[in-house]
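Peer 1: Have a look at the structure that comes next, please.
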Amino acid sequence: MVYLISLAIALLAGKGFGMSDKCYTLSMEGGGSHGAYEAGVLWSFATYIPAEERAWDIITGISAGSLNARVCAQFDYGDEINMAENAINAWLSAKTMASIAVEWPQGLYYSTFFEPSLYDSSPMLTFLQQYSGTVINRNITVGVTDYESGEFMEYNQDIGTDLLTVAAKSSASIPFVFTPTLLNGHWYGDGGVLINLNTNEAISFCRSLGYSDKNIVVDMIRDFDGQDRPKPQIVNNTKEAMDRANVISDFYSKLWFLYDFSHSFPYVDIRYIAIPTKPLPPWDGTFPLDFKPDDMQWEVELGKSDGKSFVENGIKGRHAMKAKKLDEIPATHYF
Ligand SMILES: *[C@@H]1O[C@H](CO)[C@@H](O)[C@H](O)[C@H]1NC(C)=O
Ligand SMILES: *[C@@H]1O[C@H](CO)[C@@H](O)[C@H](O)[C@H]1NC(C)=O
């Protein structure tokens, strides 16, 4: 009887975990302080996608995406708007990089040779703890790179609330800049060293619950500027060949996992792939770690407006990859 009552309450309260005929997933990629853009998109996804279709069963993340996933894990299914607001508050509260990393006492030059990283990123853990809450109410998984074995690893709530925060920090330990993170006896660095978007882990999770691929709905939030596929170009000299190689390599290294994902899981319902519609700061082109309040606010607002227009205009799935048909997407076959 008690069981039936709680079941009825659960049903009345709307969708709980695993109670739908579809498995909804969300994945957020790495990108330093562009995590603020992701949080903005997340807010609009939570606000404009119907409630029963955005109670994501799992959130996967790499680096900045892992920090977002971690601060989301405390929110129950159905509570996505508060979840997104918490993520936005976290990014806006950072103000400067010092919230997550500080110079080692002997300065940057010394650190290059005698410390494990340019900056001491231990403040990142305290920062993350402030926004992560004390409970885990939603499945997340974060990807890290094991520096010793060279392998990719995933961590989820099975390691416990406190260590999940350490795992998210590991996932965001950008090589060279931030300190590798010790967890379970392993030194981990940023998951993006290997792959910058781990949507494949979301598929494994839904499959393990018994969902067939056609019932798995995938949303992705990317945060690197969507650059165009390189146009045909004749190369005349060394300098041009070098520039050309950089353009090609940049394009593919930021997209191979999307291509492979499409080919590896052709029956999965790729719903939204959010990509910034404008270049994101810093405008001098350096790696996004400045955390300037104006820039963070700008990224959040662009994320909100992009997210809203993706949902309202139905810019979906493969269209966002600038390729309408599967056979127009190059195959790289990493998975
Ligand atoms: C996460 O998923 C598992 C199924 O693999 C489920 O048993 C568990 O309750 C979920 N955890 C949360 C916090 O929803
Ligand atoms: C190489 O030369 C051709 C012919 O002058 C020109 O059209 C092309 O743009 C040049 N390639 C590059 C990369 O500038």
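The first residue you see is number 1, and the count goes up from there.
Each Cβ is built from the backbone N, Cα and C atoms, and glycine gets one as well.
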Peer 1: Need the matching range: TrEMBL marks motif 'GXSXG' on one of 61-65, 66-70, 261-265, and I'd like to know which.
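Peer 2: Spelled out, TrEMBL records motif 'GXSXG' over residues 61-65, not the other listed ranges.
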Peer 1: Which one of these stretches, 30-35, 222-227, shows up in TrEMBL as motif 'GXGXXG'?
Peer 2: 30-35
Peer 1: What is the total of other Cβ atoms whose distance to the Cβ of SER63 (active site, nucleophile) is within 10 Å?
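Peer 2: I count 32 other Cβ atoms within 10 Å of it.
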Peer 1: Just how many other Cβ atoms lie inside 10 Å of the Cβ on ASP190 (active site, proton acceptor)?
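Peer 2: Excluding its own Cβ, ASP190 (active site, proton acceptor) sees 27 Cβ atoms within 10 Å.
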Peer 1: Work out, from DSSP, the number of helix, strand and coil residues along the motif 'GXGXXG' (30-35).
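Peer 2: Taking each residue of the motif 'GXGXXG' (30-35) in turn, the totals are 4 helix, 0 strand, 2 coil.
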Peer 1: Per DSSP, what is the residue count of the motif 'GXSXG' (61-65) in each of helix, strand and coil?
Peer 2: 2 helix, 2 strand, 1 coil
Peer 1: Given SER63 (active site, nucleophile) and ASP190 (active site, proton acceptor), what distance in Å do their CA atoms have, once rounded to a whole number?
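Peer 2: ASP190 (active site, proton acceptor) has its Cα 6 Å from the Cα of SER63 (active site, nucleophile).
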